[in-house]
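> Residues annotated as disulfide bond in Swiss-Prot, with sequence analysis given as evidence: C73-C101, C104-C171, C109-C115. Taken from Swiss-Prot, the feature domain 'Expansin-like EG45' covers 70-176, and the record attributes it to sequence analysis. The domain 'Expansin-like CBD' annotation in Swiss-Prot covers 188-269. Marked as signal peptide by Swiss-Prot: 1-31.
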Amino acid sequence: MAVNVRTMWSSMRAQVAMVVALVFLVRGAWCGPPKVPPGKNITATYGKDWLDAKATWYGKPTGAGPDDNGGGCGYKDVNKPPFNSMGACGNIPIFKDGLGCGSCFEIKCDKPVECSGKPVVVHITDMNYEPIAAYHFDLAGTAFGAMAKKGEEEKLRKAGIIDMQFRRVKCKYDSKVTFHLEKGCGPNYLALLVKYVDGDGDIVAVDVKEKGSDTYEPLKHSWGAIWRKDSDKPLKGPLTVRLTTEGGTKSVYDDVIPANWKANTAYTAK
């Protein structure tokens with residue numbers, strides 16, 4: 001049987017072209033939008049200058065973000081005071097593997113037209129790793145809507161992703177510093193969730209001093225706003241806690257953890 005070489009060659013070229021096209025389609029699906037490297041870490045410095053960022057939102061439109069009102073910092077009830085659903089997931093240079101938890105920022109937007117241009121304060125309560133901008137705030141629905149003109153909140157949320165500006169500010173929590181002993185704590189294991197710290201808001205070191213001791217022992221950063229200590233011997237309460245904020249401020253809370261402390265219990269500074 002005669003073979004038409006030209007026809008075969010044309011067919012092969014068509015098949016090769018199809019394969020190449022599929023490769024590019026698959027690569028495009030894998031690669032997605034261009035990734036933007038994170039910016040420099042936002043430190044405990046306070047000025048008048050604003051930085052550019054992207055803003056998105058998640059959860060319920062008028063909610064606190066996570067369905068369980070928690071988040072990557074380990075806080076509970078971020079829908080209640082003093083957070084009041086004004087939480088934000090910071091990207092890498094803002095969340096800082098949990099060391100940015102509790103820090104506070106003023107945010108605002110000028111566009112689209114629904115933006116008020118007036119700053120509102122949000123708290124870092126969660127994390128995001130979406131590489132869409134050097135700085136990215138994934139906001140609770142309530143916090144995103146707070147940047148809008150009155151009555152335009154829902155229209156602004158429909159924008160989905162917008163340009164915004166931000167700057168770090170001192171925290172002014174309307175609550176006392178609270179230490180929550182996490183579930184699983186026992187005589188030889190201490191895990192503290194620290195929250196509502198005025199000023200810098202975020203913590204870089206936690207130390208505890210046992211009853212009758214003059215020496216502070218450091219806790220290790222576990223995750224989010226949680227710090228832990230594994231001890232070879234049972235810890236003797238009451239425990240005094242010393243906090244160091246990112247800006248270097250040290251605060252001491254004498255005997256804040258009682259001798260008969262219990263897991264899954266919050267103790268408030270006097």
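Here the Cβ of each residue, glycine as well, is placed from N, Cα and C on the backbone.
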> Go through C73, C101, C115, our disulfide-bonded residues, and report the one whose Cβ sees the most other Cβ atoms within 10 Å.
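Compared across C73, C101, C115, the most Cβ atoms within 10 Å surround C101.
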> Could you give the Cα-Cα distance between C109 (disulfide bond) and C171 (disulfide bond), in whole Å?
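Distance between the two Cα atoms comes out at 21 Å.
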> Cα of C115 (disulfide bond) to Cα of C101 (disulfide bond): how many Å, rounded?
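The separation of the Cα atoms works out to 27 Å.
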> Check each residue in the chain of C171 (disulfide bond) that is at least six apart in sequence and keep those whose C-beta is under 8 Å from its C-beta; list them in sequence order.
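The answer is G102, S103, C104, H123, V197, D198, G199, D200, G201.
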> Enter the number of other CB atoms within 10 angstroms of the CB of C104 (disulfide bond).
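Other Cβ atoms within 10 Å of C104 (disulfide bond): 21.
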> By DSSP, how many residues in the domain 'Expansin-like EG45' (70-176) are helix, how many strand, and how many coil?
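Residue counts for the domain 'Expansin-like EG45' (70-176) by secondary structure: 18 helix, 33 strand, 56 coil.
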> Would you count the other C-beta atoms found within 10 angstroms of the C-beta of C109 (disulfide bond) for me?
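A count of 23.
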